[in-house]
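As recorded in Swiss-Prot, the features of this protein are as follows:
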- 1-21: region 'Disordered' (REGION)
- 53-272: domain 'Radical SAM core' (DOMAIN)
- CYS68, CYS72, CYS75: [4Fe-4S] cluster binding site (BINDING)
- CYS112, CYS143, CYS203, ARG276: [2Fe-2S] cluster binding site (BINDING)
Amino acid sequence: MDAASVSFGSGHDLSSQPRHDWTRSEAETLYNLPFADLIFQAQTLHRRHFDPNHVETANLLSIKTGGCPEDCGYCSQSAHYDSGVKATKLMDREAVIETARRARDAGASRFCMAAAWRNPKDRDLDRVCDMVSAVKELGLETCATLGMLTPDQARRLHDAGLDFYNHNVDTSPEFYGNIITTRTMQDRIDTLAHAREAGLKVCCGGIIGLGEQVGDRLGMLMLLANLPAHPESVPINMWNEVKSVPVNDTAERPDPIALVRMIAVARIMMPRSVVRLSAGRQYMTDELQALCFLAGANSIFIGDVLLTTKNPQTARDAALLDRLGIRSRLDDAKAAAPPH
């Protein structure tokens with residue numbers, strides 16, 4: 001079967017408007033296309049909705065690290081595991097603003113603030129809202145990931161100037177119970193709905209390499225693509241090994257071609273969403289990242305650290321994008337830098 005012979009019935013084809021009724025068989029058909037056909041379809045749709053030679057650059061800061069009561073089996077910040085990550089208090093406003101300013105000057109267009117909470121307390125949310133407003137004044141897009149939200153909390157974040165709320169589903173509904181027991185998948189879906197109803201854009205994706213099967217990876221994409229509205233940002237994370245967490249017993253970094261196929265299927269199923277090549281890039285070769293961009297990834301995190309794990313150095317990212325002829329805010333930062 002080649003790309004031209006793919007048929008999904010009901011009048012659907014790969015040139016249709018975004019859909020919300022993807023089936024398992026359709027997802028499997030896409031994933032199993034010959035590699036060249038899959039990449040061709042993904043790149044064709046990518047060009048229809050995005051500049052194929054531009055990548056979004058975001059920066060992620062942990063404003064409150066560790067001590068999280070959730071038992072996510074991959075996470076170094078869970079209080080359930082002896083990962084070596086020390087719990088910290090919520091950062092001061094001025095420290096967050098200064099970090100955001102440096103991120104902007106280094107080439108970030110979006111600044112994401114993460115706190116290791118099950119859900120924010122109102123007194124802490126007051127402080128986060130103040131941070132959001134201040135970061136927004138720097139000319140950056142704002143994103144936050146703070147755990148579960150009530151409808152009122154989502155509205156408060158929106159009113160403070162927050163653009164995006166991140167709350168990942170992590171994996172398929174079927175595999176979910178193998179990695180998390182303290183928060184249900186429905187809890188996550190409810191928080192996404194609260195964010196959407198408050199007027200926030202949604203950032204939602206997952207992790208591959210936790211010990212799941214290909215069917216689980218596709219199930220995660222189906223869950224996202226069949227939401228009432230597609231997430232505006234879809235981060236695809238690759239498992240990062242951290243000390244003393246349960247998934248280390250079964251997790252394995254995915255085959256590189258499998259990662260590219262996931263990116264391509266995400267691009268096809270959610271053609272207007274930004275697909276972020278997220279955690280795990282420090283393990284990827286330049287060639288693998290180039291294939292992911294070709295398959296439809298168009299966002300990365302810049303900065304040497306992602307929460308508690310490493311990330312490629314910004315200079316390496318800038319050099320790679322330059323070699324590929326891909327533009328980003330890193331170009332503006334380079335042009336503005338004083339000569340040596």
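Cβ atoms are placed via backbone N, Cα and C, with glycine included.
With a cut-off of 8 Å between CB atoms and residues at least 6 apart in sequence, the same chain places ALA58, ASN59, LEU60, LEU61, THR142, CYS143, ALA144, THR145, PHE164, ASN166, PHE301 near CYS112 ([2Fe-2S] cluster binding site), listed in sequence order.
Compared over the binding-site residues CYS68, CYS72, CYS75, CYS143, CYS203, the count of CB atoms lying within 10 A of a residue's CB peaks at CYS203. Note: the CA-CA distance between CYS68 ([4Fe-4S] cluster binding site) and CYS203 ([2Fe-2S] cluster binding site) rounds to 21 Å. In the three-state DSSP assignment, the secondary structure recorded for CYS68 ([4Fe-4S] cluster binding site) is strand. Spacing of ARG276 ([2Fe-2S] cluster binding site) relative to CYS72 ([4Fe-4S] cluster binding site) is 21 Å (Cα to Cα, whole number). DSSP assigns CYS203 ([2Fe-2S] cluster binding site) to a strand in the three-state reduction. The DSSP secondary structure for ARG276 ([2Fe-2S] cluster binding site) is strand. The two recorded residues CYS75 ([4Fe-4S] cluster binding site) and CYS203 ([2Fe-2S] cluster binding site) have their Cα atoms spaced 19 Å from each other. Residue pair CYS203 ([2Fe-2S] cluster binding site) / CYS72 ([4Fe-4S] cluster binding site) shows a Cα separation of 19 Å. Over all protein chains present, the Cβ of ARG276 ([2Fe-2S] cluster binding site) has 24 other Cβ atoms lying within 10 Å.
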